[in-house]
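Features as listed in TrEMBL:
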type	residues	note
DOMAIN	34-446	domain 'Enolpyruvate transferase'
BINDING	LYS47, GLY121, ARG149, GLN197, ARG373, ARG414, LYS439	phosphoenolpyruvate binding site
BINDING	LYS47, SER48, ARG52, SER195, SER196, GLN197, SER224, GLU342, HIS369	3-phosphoshikimate binding site
ACT_SITE	GLU342	active site, proton acceptor
Amino acid sequence: MQVFKYSGPEFNPFGDDELVVDDTPGPWPAPLAPGPLSARLSLPGSKSLTNRELVLSAIADGPSTLRAPLHSRDTALMIEALRAIGTVIEELPGDNAYGADLRITPAELAGGTSIDCGLAGTVMRFLPPVAALALGPVAFDGDAAARKRPMRATIDSLRALGVDVNDDGRGRLPFSLYGTGSVRGGEIAIDASASSQFVSGLLLVGARFENGLTLRHTGDGLPSLEHIEMTIATLARRGVTVQSPEPGVWVVPPGPISGADIAIEPDLSNAGPFLGAALVAGGSVTVTGWPKETTQVGARMATILADMGAVVRFDETGGGLGDLTVTGSGAIQGIHLDNASELAPTVTALAALADGETVLTGIAHLRGHETDRLAALSAEINAIGGDVTETEDGLVIHPKPMHGGLWHSYEDHRMATAGALIGLAVPGILVDDIGTTAKTLPQFVELWMGPTLGLSKPSVDPLGLL
Ligand SMILES: O=C(O)C1=C[C@@H](OP(=O)(O)O)[C@@H](O)[C@H](O)C1
Ligand SMILES: C=C(OP(=O)(O)O)C(=O)O
């Protein structure tokens with residue numbers, strides 16, 4: 001693990017001290033904001049879009065090219081998994097700031113292999129239905145933390161589709177399946193209340209099942225509907241039309257999936273902490289390459305930050321893209337927000353620094369994310385003097401002065417960035433494992449210290465703007 005720390009006195013990031021990189025594992029002193037910000041940055045590709053497009057490219061009728069895909073732990077795991085079952089994935093020459101474009105050539109899928117899901121929900125929920133199309137056994141496992149994440153709907157749905165699955169009955173990783181080279185498909189019902197990824201994983205592959213797929217969600221509320229919409233939109237671009245005759249029911253007809261040339265949008269959820277920094281420190285942060293139309297839930301950050309007191313501006317730059325600029329005064333308003341999805345850790349960090357109460361609802365399923373995010377956020381903020389209460393389906397945050405201390409990341413990239421955000425305003429926050437940001441944004445520290453805070457020379461400047 002690479003750890004970044006200052007060569008000078010801790011908690012004094014404003015002097016002449018140089019940013020040095022060393023390899024000694026240790027906590028990362030989150031820098032205080034040096035004053036109002038004036039930052040402009042571009043971000044690497046979306047995890048959710050990259051991993052959907054990788055899957056669709058692997059089961060398409062012809063080759064695909066992914067432009068500006070995300071290169072991070074979660075996408076590397078997806079690439080390795082698809083290669084393990086036979087897909088050819090090559091890096092194309094080029095000089096992208098955030099890593100190579102990818103050429104994906106589908107091949108006959110073969111089992112006889114094992115897949116490491118790491119802690120990636122998209123790998124553990126999207127890959128098993130793909131592997132079921134392969135000939136031969138495929139074993140799935142992941143990090144110790146991944147063995148706690150809900151997997152029952154994936155396991156049960158594969159069985160209902162006629163796939164032979166071997167598991168220990170806990171509805172968790174590890175398990176293995178025995179592909180026969182085809183999947184019968186047809187009509188099934190699942191309880192997807194623990195994760196929208198159960199639905200997305202099946203919809204992505206449904207057109208490849210002999211009878212297609214009719215999927216009915218039977219449980220309580222369905223979380224992260226935006227992510228299901230994203231799945232349907234990525235399928236539509238490849239010629240697969242998913243019908244939804246009633247809420248919670250989706251029909252995927254059997255048929256072809258086209259190869260495609262796809263430009264991946266920047267990750268708007270990962271933009272959250274950077275844009276939120278303007279609210280904490282004051283000043284402005286601009287994220288370039290922001291798509292005018294998108295299915296990413298991260299786009300909601302623009303409205304959320306406006307509701308929390310920011311001035312948000314979108315300047316079109318052409319080609320359906322623009323610059324999103326968030327300007328803050330340093331004052332933050334509390335909000336009531338339902339279904340914050342993967343944005344919840346960022347919003348909670350901001351709420352802890354706000355002037356009034358924040359109530360987050362509709363996020364009970366965050367207990368099954370990289371860690372139990374409701375427990376982790378309340379434990380960490382309360383440990384540094386804050387006031388967060390867990391409710392049945394969310395959090396209530398009351399602003400309270402906080403003090404420095406060790407901030408635990410729980411192997412969760414969004415817990416680590418939440419610590420960095422609080423550290424902008426609270427002196428002495430030490431994030432125990434900032435390296436966990438590599439799950440979806442390996443350049444987090446460079447972008448945070450460089451373009452955002454102006455504390456170091458950025459080594460990533462894709463648009464030559466900095
Ligand atoms: O499909 C996806 O790309 C995702 C769906 C969501 O999962 P849940 O529905 O489990 O929250 C989201 O939180 C995750 O970060 C990415
Ligand atoms: C929940 C998340 O990840 P995953 O794709 O592993 O579910 C997340 O990125 O916030």
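Keep in mind that glycine also has a Cβ here, set from the backbone N, Cα and C atoms.
Overlay of TrEMBL annotations on the structure.
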residue	record	Cβ contacts under 8 Å, 6 or more apart
ARG52	3-phosphoshikimate binding site	THR122, PHE126, SER200, LEU204, MET230, THR231, THR234
GLY121	phosphoenolpyruvate binding site	ARG149, SER195, GLN197, HIS369
SER196	3-phosphoshikimate binding site	LEU222, PRO223, SER224, LEU225, HIS227, ILE228
GLU342	active site, proton acceptor	SER224, SER269, VAL297, GLY298, HIS369, ARG414
ARG373	phosphoenolpyruvate binding site	ALA344, PRO345, ILE363, LEU366, ARG367, ASP412, ARG414, MET415
SER224 (3-phosphoshikimate binding site) - helix vs strand vs coil (DSSP): coil
Candidate with sparsest Cβ neighbourhood (10 Å radius) among GLN197, SER224, the listed binding-site residues: SER224
Close-lying binding-site residues around ligand 1 among ARG52, ARG373, ARG414, where CB distance stays under 6 Å: none
Site extent for phosphoenolpyruvate (largest Cα pair distance over LYS47, GLY121, ARG149, GLN197, ARG373, ARG414, LYS439, Å): 19
Binding-site residues whose CB lies under 6 angstroms from ligand 2, from ARG373, ARG414, LYS439: ARG414
Listed in sequence order, residues with CB under 8 A of LYS47 (phosphoenolpyruvate binding site) and six or more positions away: LEU70, SER72, ASP74, THR75, THR122, ASP267, SER269, ASN270, THR440
Site with most surrounding Cβ atoms, counting all protein chains shown within 10 Å, from the binding-site residues ARG149, HIS369, ARG414, LYS439: ARG414
